[in-house]
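According to TrEMBL, the protein carries these features:
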type: ACT_SITE; residues: Glu445; note: active site
type: BINDING; residues: His444, His449, Glu502; note: Zn(2+) binding site
type: DOMAIN; residues: 174-262; note: domain 'Expansin-like EG45'
Amino acid sequence: TMVDSQYYLPNDIGIAALDCCEAFRLLSPRERMYAHHLSRAAWYGGLAVLLQTSPESANIFVLLQRIFRKQTPAQLEQVATAVGLSSEEYLAFLVYAAGLYANMGNYKSFGDTKFIPNLPKDKLKALVWASQAFQDQPGEMEALWNSCSCPLYSLEDRQKQLGLGDKGITTYFSGNCGLEDAELAQKFLDSQNLSAYNTRLFKRENGGKACYEVRLASAVQKESDSHCGNFNFEEKEFTVKRGDYAPLMEKVSYYVQQAQAHAANDNQKKMLEEYRRSFTFGSIEAHKEGSRYWIKDKGPIVESYIGFIESYRDPFGSRGEFEGFVAVVNKAMSERFAKLVSSAEILLPELPWPRDFEKDIFLKPDFTSLDVLTFAGSGIPAGINIPNYDDIRQSEGFKNVSLGNVLAVAYATQKDKLTFLEEEDKDVYIKWKGPSFEVQVGLHELLGHGSGKLFVQDDKGKFNFDQSKVINPETGEQVSSWYRGSETWDSKFSTIASSYEECRAECVGLYLCLNQQVLSIFGHEGQDAEDVVYINWLNMVRAGLLGLEFYTPESKSWRQAHMQARFVILRVLLEAGEGLVGLEEMTGQDGRPDARITLDRSKIHTVGKNAIHRFLCKLQVFKSTADVEGGRALYDSYSAVSDGGSHNFLRLRETVLLRKEARKMFVQANTRINGDSVELVEYEGSAAGLIRSFIERFQEDAEQLEADLLELNKRDAPCWCC
């Protein structure tokens, strides 16, 4: 049967090596040792993502590791030919394996859809049976194949994407949990002052009564403090336990401790000590403490962050996926970002909300451009603003990073692959896409995520704003709602929080890139500066159209926070009218459906700016005042994808799917200790190179590690049935 191309990775998918050779060369022996141990911690922790993604991911990972540990992709190709695979089919298998490694699971990290091997199941089975790994351990390999071969290929509706209950697959919750269980658990966690970031929720029936287990990620399994144990909450039984991903967390703790000996200063040492405590005991409080030291560690040569960080993939929006990165500061590029930071206090008042809605003081963050050495987890972003703890961000500060070597590779575009643009826009788009994206990332991270105040009344009843004076600009009346006690942005806005915040940050980027001072910080003047603005806005509306790939009509849900945000912005700019944005359907030169998106550059500074001004102010006011109802109504109305109105977005979605380009995958280097120095081991930018990098990454304890993963997976296997 023909499978929708959405559910497999094409053989010609872009695979690029992430270049960090020069960055690594500039490190001192001590810095290299520090980077090496932190990279090891990141890679081992990153394996938890397999267990956070789907019930079968870990077993598929082990199956692939066992096959490729015994035979390289080149050696296995001869076996494949002998059992009747064509060269296209064998390449499809390599691309699938590379995809599983790059996404740390069998669901795309960007878009959350499942991908399956693009070759017949019986051919893949024949290849597994003929492999050296199978010859050596037939019983074990057959059992491993049997444990994952059905879900490996299954595309039942619920398995096509990640989601909660009948909407999709998740391993953050047991299969019998729905939205109401997630909401109840959030209330319980709030009542205990526990963060959801490093937890999963398992529900079971006990004598007709629902019992919930909240499991914290930690190396130790014993319960030794008031956070763990049994609780009654709203007539339900809750148990808080430790020990999720225990063997992996043990590895992370060990390598974090090894890195301590090579730290550059006290802040780094204390930060690592707190991280170690966090991964050992499952304490988010310790991770927050570590993050405080991390913020204080200004301008380090080797930058890193590690833990359960981004909540995009929890269907409820409050549990963090494990990630860890290690990177080297790129000094030249960082100077521009430092200038942007110094100008922040002049730029913030330009934003469209009243002064009372801005933080009392702007805590100048570190903003650096980094070349990534290691980024473990499900995917690599272009820029990051962390920590995600609102209380720390609001009152103590944060850091911004732009990932330079990722930007360089990820956004290189070929003219023949540029969809939906007018011919005359293509050359200018290719020329300015990189520079304009750099400006957008800078503004998005620093002044987008870094701006705006949350109105809070703390546990003692104290307000962080004057409620007798602060006026809501949307209503003209006093502010009447705010965050109370332990409520946070994520816990309050839950399912829309991630996308809404990305939309706010993207709008800040569009709005402030119109500022001459910003453009000259990045070295753009005159006509060049105008081109940068034009391409930044054109790229945003094009991305809004491309975003339709990440919408699922069956469940009326979005699978990717940033792409939903960009679609919302496209809708806002289309609604602005006056010919600012044009979007029309047409027939392409190949006779198939196509579309064209255009932007009138003469109206960006007027019609465009006014539209973003109005929308951005609304987004901020709802966010500041914890007005979930207002915020959700606004955001949901612009997120709606229908076939009515002036544009048939459901039909446009089909066109977008027809002409989509697969997202690139990255091959990362490894570091290894040789005597008393550390060397960098690089790989070619191909599926085979990506596979080899993962085989060599876990060489020293491969068998134990694989046994641990299988055991962790087996323990929870009964929990995933509905």
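Just so it is clear, glycine is given a Cβ too, placed from its N, Cα and C backbone atoms.
Nobody curates TrEMBL annotations by hand; they come from automatic prediction.
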Cβ packing number for His449 (Zn(2+) binding site), 10 Å threshold: 22
Zn(2+) site shell beyond His444, His449, Glu502, criterion: Cβ within 8 Å of Cβ centroid: Asn385, Glu445, Gly448, Glu501, Arg504, Ala505, Glu506, Val508, Gly509
Candidate with sparsest Cβ neighbourhood (10 Å radius) among Glu445, Glu502, the listed recorded positions: Glu502
Helix, strand and coil totals (DSSP H, G, I; E, B; other) for the domain 'Expansin-like EG45' (174-262): 28 helix, 31 strand, 30 coil
Residues that sit under 8 angstroms from His444 (Zn(2+) binding site) by C-beta distance, when 6+ apart in the chain: Gly383, Ala505, Glu506, Val508, Gly509
Rounded inter-Cα distance in Å - the residue listed as 'active site', Glu502 (Zn(2+) binding site): 10
Local confidence of the domain 'Expansin-like EG45' (174-262) - pLDDT mean: 94
